[in-house]
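Inspection log for the structure reproduced underneath, given as structure tokens.
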Amino acid sequence: MASPAPPAAEELPGPAARRLYSRMEASCLELALEGERLCKAGDFKAGVAFFEAAVQVGTEDLKTLSAIYSQLGNAYFYLKEYARALQFHKHDLLLARTIGDRMGEAKASGNLGNTLKVLGRFDEAIVCCQRHLDIAQEQGDKVGEARALYNIGNVYHAKGKQLSWNAAQDPGHLPPDVRETLHRASEFYERNLSLVKELGDRAAQGRAYGNLGNTHYLLGNFTEATTFHKERLAIAKEFGDKAAERRAYSNLGNAHIFLGRFDVAAEHYKKTLQLSRQIRDQAVEAQACYSLGNTYTLLQDYERAAEYHLRHLVIAQELADRVGEGRACWSLGNAYVSMGSPAQALTFAKKHLQISQEIGDRNGELTARMNIAHLQLALGRLTSPAAAEKPDLAGYEAQGARPKRTQRLSAETWDLLRLPLDREQNGETHHTGDWRGPSRDSLPLPMRSRKYQEGPDAIERRPREGSHSPLDSADVRVQVPRTGIPRAPSSDEECFFDLLSKFQSSRMDDQRCPLEEGQAGAAEATAAPTLEERAAQPSVTASPQTEEFFDLIASSQSRRLDDQRASVGSLPGLRITLNNVGHLRGDGDPQEPGDEFFNMLIKYQSSRIDDQRCPPPDVLPRGPTMPDEDFFSLIQRVQAKRMDEQRVDLAGSPDQEASGLPDPRQQCPPGAS
């Protein structure tokens, strides 16, 4: 909050007071300049300290204060303190609008858009970035226009990428809304590229080429993606930008993987590995090793795959990346099985189990347990195949975990496994003791793998009484115990809506606000009746005092609107004097807001509804040594076609020989896109 405004310097008698104010102004400016110098040197923490000190001293120069707000917001952004960055960029926007600084308003809107994008508030970010674009075009600022186009493209790209991660789909296999979002990103990047070519800005052209390549990669246009990434690579080499060059090689490798050119992809990943060592970035070095390990798995060179996965494991341990360490152990287990070394594979499977338990990865834990049981059976350490067919699932049903991929213990691979959530919620009785493998055509749709989802007319089979058929080779079905919700004689829908209405009716009373009538018995008169009392009451009729009721609502809402208004006098570091009070009062626009303002307001308010939605279940954290583009689902499909070639011929019983290999499709890796 701003401190009480002292009198202006010219209002105080004597030159001493004027010298004091001059020193205060000089002190504020000097502190801000030192903060700017430190931020340019990369010391953002120290820079923030000087900027905050400048705000504490305060200034009556509105332009200086606006610049301090902008610099503070940027410094907090680089420190990843996005809430504080958002706060100061809002201060900057408010002050710029108040003094009528259109260019300052454009820059503040752009900074707000970038911060909102990082916070995942994409719709609000688009509104702010569009405001930046509109003002830049209005002022004829070509550089600002290009920057605004690039920022809008970034917001659409980030939104599309997040949606594709949530959908857990491969590049090119995306829902229509995600594709539309990415097409919008591509349009703005194309406009940005055209403008920066006109301006002759080669560095900006490189950024546009790189982002166009990334967008086309997500859309599944892999040939176009390689074209753009080659342009990005050429410009990075032109500027000697090793970090950008490394990213271009990595992106080229990802695109060539999906084009089926695994050997070309391996060469690009090797270049990535060399550059990551040159710039001394261990995290990206580990990512390159991981990508090379997966590439050599696709090339069926399992010894080299294991070599690179071991390098990944060592770096992940050095960086304390437990997610990456677990993924490396899982990959090493599969590689050693493919090389015919189940004993070494068992060691890594046990390590994978331990790490999955530590980080709370339920899917990984189930996968590791099944791998261990399978490998122990193959090594002859289990006396009964039933022990491998029934791994320890205790605690999974109670905690509601739904493993996505599991392993089959027959001659083929396990298919996608999901628990029927609707039955779990409706409380039907299931027993975990009898495992049954119905054919794929008889499974309900949520329990089929993506590979078999094209069958539209599947019907669920119920377990037969007294049946003890062996494990079918098609699928495995995990069944859950009865939940605590009793079944009503009515249908599922009636039961659900009955429970919902009872629950919601009790919540309504909690949201009522008492009316201040000033009478002693008002509290008793407005007390909410209990559930039983409401059930006995007749239906409520309309009140005759309708006008008074709406007047009450209007007065209440008007007070709430006043509470939400931004006050210029509350800006930190602002000293209001006679010199600047005219700017604060006179530069506002007296005319009524136009359609553009109301359209922007509607978009903003509609995005606020999403903030009140329940968040989806948390996904696994992404370790620093794990690349964003994992392409592991491609390995799953390729490996599924080569299962016969990868089987290990172990001496032992027929059961051991038929047990097969741990399926590399058991678990979707964190970060798969």
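Cβ atoms are placed via backbone N, Cα and C, with glycine included.
Helix, strand and coil counts under DSSP for the repeat 'TPR 2' (66-99) come to 30 helix, 0 strand, 4 coil. Sequence annotations record features per position, and here Swiss-Prot assigns repeat 'TPR 2' to 66-99.
Taken from Swiss-Prot, the feature repeat 'TPR 6' applies to 206-239. Across the repeat 'TPR 6' (206-239), DSSP assigns 32 helix, 0 strand, 2 coil.
According to Swiss-Prot, the compositional bias 'Basic and acidic residues' annotation covers 420-439 (among others).
Taken from Swiss-Prot, the feature compositional bias 'Basic and acidic residues' applies to 451-467 (among others).
According to Swiss-Prot, the feature domain 'GoLoco 1' maps to 493-515.
Looking at the domain 'GoLoco 2' (546-568) alone, the prediction's average pLDDT is 60. Under the heading domain 'GoLoco 2', Swiss-Prot lists 546-568.
Under the heading domain 'GoLoco 3', Swiss-Prot lists 594-616, citing sequence analysis as support.
Marked as domain 'GoLoco 4' by Swiss-Prot on the basis of sequence analysis: 628-650.
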